Amino acid sequence: MIDIKVLRENPELMKENIVLRNLDPNKYDVDYILELDAKRRSLQKELDTLKAQRNKISQEIGKRKGEEREELIKKAKTLKEKIEELEKEYEKIEKELYLKLWQLPNFLSPKAPKGKDEKDNIEIKRWGNIKTFTFTPKDHLDLALLNDLVDFERGSKVTGSNFYYLKNEAVLLEFALFRLVIDTLLPEGFKLFITPDLARMEIIDGIGFQPRGPEAQIYRVEDTDLGLIATAEITLGGYHKDEILDELDLPLKYLGFSHCFRTEAGAYGRYNRGLYRVHQFSKAEIFIICRPEDSEEMHEYILSLEEKIFQKLEIPYRVVDICSGDLGAPAARKFDIEAWMPGRGDFGEVTSCSNCTDYQARRLNIRFRRVTGEVEYVHMLNGTAIAISRALIAILENYQQEDGSILIPKVLQPYIGISEIKPKK
């Protein structure tokens with residue numbers, strides 16, 4: 001949520017922010033929000049005055065007798081009724097104000113590139129050499145079916161379209177990838193979590209999980225206030241709701257493992273086939289809570305950890321700085337890692353990392369107390385350590401052989417005990 005004081009002092013900054021994010025200015029009426037804020041403050045001032053008058057009269061009632069006392073009692077009753085009336089109006093305005101504030105996106109980082117959509121994202125780095133095949137490379141789905149690693153047909157029969165079974169060596173790869181992530185991040189001081197797969201909607205809303213477009217919506221559990229989480233960012237972010245942390249304990253570095261559920265309504269096209277865009281997948285999520293002055297450094301740190309994992313896997317990738325018009329509401333700045341995917345002959349997103357500054361902390365009321373005594377909102381950041389479905393695509397396609405077999409990345413071989421997956425069909 002946005003600090004109303006900042007909005008009050010510089011409304012034009014938010015108006016520009018909305019335009020730069022390629023959002024509809026009519027949906028985010030900053031001037032109306034400020035009108036509500038002014039009404040609320042005016043009502044608060046009036047209420048304070050009336051309550052002071054009521055308190056003064058209440059004190060006088062005990063000192064007076066007869067008609068004078070009765071007159072004061074009437075005045076006190078009139079004031080009470082007026083106060084109750086204004087409190088109802090205040091509550092109504094405050095509720096609308098906070099709803100409007102809740103909908104505003106985070107302020108952009110000055111370093112976030114300006115642009116309209118994903119076409120304006122900026123490539124800032126490449127790593128690794130793209131392999132030249134002496135044959136036409138298959139895509140991951142053909143390879144997975146050839147090697148009996150997935151079953152979409154039975155997944156669809158049991159659960160519905162875009163659900164699947166991971167099988168055989170693909171299961172070993174999932175656990176090996178998680179083990180690689182643990183062995184990479186544990187020495188960095190990360191605490192490990194397996195989080196719930198469900199969260200209250202107030203937590204989901206507090207995190208501000210509002211992906212762009214219709215492609216990633218939350219599954220709601222009917223007749224409850226629960227939703228299936230789309231990322232462990234939600235459950236890790238809610239872990240310290242309504243808490244005041246100690247400055248000396250920051251940064252908090254968490255690594256959370258969870259299933260992720262996304263309806264992915266509207267997702268279609270050849271790039272979305274197979275494992276690229278599915279309703280359920282497993283993921284390890286990096287989550288850091290830090291002081292405001294440290295968040296930019298922590299953002300670069302998360303990116304470096306994500307890079308380290310894909311470098312260990314020896315998969316070529318590029319790093320993309322996401323432009324203003326392609327950012328989700330909570331992120332002030334975001335980096336994506338896109339791995340080379342030979343099956344599509346292009347890069348595809350495998351990780352992201354976002355600096356959400358104090359946006360989520362304000363919504364979830366997570367603060368810290370400095371050693372000097374001041375209490376402030378923390379900054380919160382998140383990043384993908386590994387998303388199994390996307391990582392499998394990159395491994396299968398980059399490590400395929402002409403006969404359809406798959407070499408196991410060297411770094412994963414000790415976890416699995418084999419060096420190659422051989423076709424079974």
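One-based numbering along the chain as shown.
For all residues, glycine too, the Cβ spot is worked out from N, Cα and C.
The L-serine binding site annotation in Swiss-Prot covers T231, A232, E233, E285, T384. The DSSP secondary structure for E285 (L-serine binding site) is strand. Less than 8 angstroms from the CB of E285 (L-serine binding site) sit T231, A232, E233, L236, L255, G256, F257, S258, N382, G383, T384, A385, each of them six or more residues away in the same chain.
The ATP binding site annotation in Swiss-Prot covers R262, T263, E264, V278, E349, V350, T351, S352. Secondary structure at V350 (ATP binding site), taken from DSSP and collapsed to helix, strand or coil, is strand. For V350 (ATP binding site), the same-chain residues that are 6 or more apart in sequence and have a Cβ closer than 8 Å to its Cβ are F310, Y317, I337, E338, A339, T384, A387, R390, A391, I393, A394.
Set side by side, the binding-site residues E233, E264, E349 differ in how many other CB atoms lie within 10 angstroms of their CB, and the most is found at E233. Under the DSSP three-state reduction, A232 (L-serine binding site) is assigned to helix.
In sequence order, I322, K334, F335, D336, I337, G383, T384 are the residues of the chain that are 6 or more apart from S352 (ATP binding site) and have a CB within less than 8 Å of its CB. Neighbour counts of Cβ atoms within 10 Å were compared for the binding-site residues T263, T351, and the top value is held by T351.
The most densely surrounded of the binding-site residues A232, V278, judged by C-beta neighbours within 10 angstroms, is A232. All protein chains included, R262 (ATP binding site) registers 22 other Cβ atoms within 10 Å of its own Cβ.
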